[in-house]
Amino acid sequence: MIPLDVSILSAFLVFCRIGSCIMMMPGLSGYRLPVRVRLLLAVAVSLAILPLMYDDLVNFIRNANSAQLLLSIGTEMATGAIIGTLARIFYLMLQMMLVAIAQFIGLSSPMGLPEDGEVLPSLATLMILAATTMMFLTDQHYEMLRGLIASYRQIPVGVGFGGRGALIQASDQLSAALMIAMRLASPFLIYSLIINFAVGLINKLVPQIPVYFISAPFILLGGLILLYGLSDQMLTAFSAAFNLFLRTG
């Protein structure tokens, strides 16, 4: 019979990776979701997948000393955090570009990326909420959990944390997510360059008229029309790119 302390430690090792991943995972890590809900979700997922790897965990715990167990706890937490962060990078880059888009079309004050919990421009809040809703509607959160479970085959408990590989993968993911976000924001950047160049040229030709203040509502109207025409394609392209990452990343 397996001792109770071994069973509890096995469940705790699983919880370390699952809990740290959920803490960073997009859609589940936001400040709007209560901490108690995230905790209960992490416990439920940990208990659900524990039987799949219980025998391997028991063998590892029986053969490990105290130092190895402490190192494994830290390794599991770091591994889960890296997995969750790699997925969240997509939404952080999207948030940054949406703040930029709001600035391009005159819907926000001078640009700056707010910290989590601070107020975003209304456009960014709406689009982030829509992207998160699409993630749940298309079952991409299941893909994230499936990838998290599959990580035990690639990085078993007790193997150790590959810091160099994690940094390389994180930098590659940052580059890929930034390129996707820039492609989504490029129509608004081009619109902003053209319209502001035209306004500046008119202001030089007719300095007596406050062209900047007169043109602000028209710039905003044009930006909203452009957003209306492209919002569906933007969300679809982002969802497809994120789904590709979940299946291949």
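Placement of Cβ uses the backbone N, Cα and C atoms for every residue, glycine included.
All annotation found in TrEMBL is predicted automatically rather than curated by experts.
Annotated features in TrEMBL:
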TRANSMEM  6-25  transmembrane segment
TRANSMEM  37-54  transmembrane segment
TRANSMEM  90-107  transmembrane segment
TRANSMEM  119-137  transmembrane segment
TRANSMEM  184-203  transmembrane segment
TRANSMEM  209-230  transmembrane segment
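Contact count against the transmembrane segment (119-137) (Cβ pairs under 8 Å) is highest for 90-107, out of 6-25, 37-54, 90-107, 184-203. Ranked by the number of CB pairs under 8 Å to the transmembrane segment (209-230), the listed stretches 37-54, 90-107, 184-203 are led by 184-203.
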